[in-house]
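J.: Sharing a structure here in structure tokens format.
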Amino acid sequence: MPFLSLSPVNFRNLVNQSIDLSSKEVFFVGKNGQGKSNLLEALYYSSYGSSFRTRMDGELIKDGENALRLRSMYREENGTTHTTSITLENNKKRIEKDGKMLHDRKDLVNTMPCVLYNHDDLDFVIGSPERKRFFIDQSLSMYDLMYIDVSRRYKKVLKERNLSLKEKKYELLDVYDMQLVQYGMEMQNKRKLAIFKFNQIFPKLYEDITGIDGVHIVYSPSWNMKDSSLESANDVLNQVRSKIEVEKVMCTTMSGPHRDRIIFVRNRESFIPTASTGQRRLVALILRTAQAVFYNQATGKKPVLLMDDVLLELDPDKRQKVTALLPEYDQLFCTFLNGEPYERYKKSTSKIYKITNGQWTES
């Protein structure tokens with residue numbers, strides 16, 4: 001199992017002591033606001049160097065303190081044990097693995113791959129196009145470091161191109177256009193393949209749980225692109241340049257992967273507008289399960305699952321079906337409220353911690 005222990009110092013409301021995580025299933029049980037989600041957030045932060053709840057790292061530091069540190073110990077499949085440490089002080093983040101500094105957060109990303117089930121996942125279903133793109137980008141970034149690089153380059157060129165439009169430095173656009181097409185086509189190809197693979201996973205899972213067949217994901221890219229050939233690249237370049245007069249007025253880039261659309265479709269019609277709240281919630285939940293399967297198929301590795309109160313809103317029948325169809329995992333962390341029937345999910349080796357005011361007691 002990846003996580004053997006976690007040692008937070010000044011992280012949110014968590015007590016400054018180590019917690020033993022050496023079990024395949026670990027449950028955190030307690031009332032709302034006690035620190036259950038903070039523990040999941042600390043695990044996520046240890047895996048990715050970022051939070052799933054805030055973009056402001058300073059918010060993670062305990063009130064009255066000026067720095068935090070997270071130290072985690074994990075074990076690879078071959079039995080090798082490693083440690084990671086993340087320190088945040090004076091708005092500077094330092095990430096270390098086995099005592100050696102990592103200069104790029106992407107080098108941490110595939111160390112302990114986590115798939116997070118969270119209430120905010122509903123944004124991937126009913127939220128903005130940006131949030132839907134984020135889900136696909138996140139799925140790719142979990143294992144494809146080249147995708148991280150190319151998306152960074154694309155965002156950098158996009159920012160510079162938009163600045164040129166705002167400052168009316170139109171003579172720079174030719175160079176930016178070619179770079180935008182180069183990086184954007186690579187992103188678009190990878191997104192297209194990822195969604196194709198998701199459609200081998202998601203529809204069957206959704207039908208098994210809800211009885212509704214034919215729900216699938218449609219990728220609607222901003223650029224019409226036949227393939228990766230030079231001819232196709234020239235065609236895309238012409239598509240970019242065809243919008244230049246509008247862009248001069250709007251002072252922003254009107255086409256590219258940042259304008260892609262992702263739609264859930266059934267019977268050739270958009271599914272989400274007519275879906276019930278429960279059906280939408282299940283789309284979000286099953287997307288995460290599909291993400292875990294997608295990662296496993298791409299890498300051969302089993303992810304760590306972090307489940308943050310997501311079973312609470314399901315009726316008993318759906319809850320049973322969802323848990324029965326959970327993907328293979330290397331380790332599972334679940335949060336439960338007091339009174340929830342968490343004991344039906346535990347095994348003889350499971351660890352159960354009662355969480356109160358950021359402190360934990362094993363039961």
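From the backbone N, Cα and C atoms, a Cβ is placed for every residue, glycine too.
Okay, so TrEMBL annotates it like this:
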- Gly30, Lys31, Asn32, Gly33, Gln34, Gly35, Lys36, Ser37: ATP binding site (BINDING)
- 10-357: domain 'RecF/RecN/SMC N-terminal' (DOMAIN)
J.: Inside 10 Å of the Cβ of Ser37 (ATP binding site), count up the other Cβ atoms and send me the figure.
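T.: 22, counting other Cβ atoms within 10 Å of Ser37 (ATP binding site).
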J.: Among all chains shown, work out which of the binding-site residues Lys31, Lys36 has the most CB atoms within 10 A of its CB.
T.: Lys36
J.: Look up Ser37 (ATP binding site) in the DSSP assignment and reduce it to helix, strand or coil.
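T.: For Ser37 (ATP binding site) - judged by DSSP and reduced to three states - the answer is helix.
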J.: Given the binding-site residues Asn32, Gln34, which one has the fewest other C-beta atoms within 10 angstroms of its C-beta?
T.: Asn32
J.: Give me the sequence-ordered set of same-chain residues, not including Gly30, Lys31, Asn32, Gly33, Gln34, Gly35, Lys36, Ser37, with a C-beta within 8 angstroms of the centroid of the ATP site's C-beta atoms.
T.: Asn38, Thr335, Ile355
J.: Let me spell it out: for each of the binding-site residues (Gly33, Gly35), count the other Cβ atoms within 10 Å of that residue's Cβ, using every protein chain shown. Which one has the most?
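T.: Most Cβ neighbours within 10 Å: Gly35.
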J.: How does the model score the domain 'RecF/RecN/SMC N-terminal' (10-357) in terms of mean pLDDT?
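T.: PLDDT averaged over the stretch: 95.
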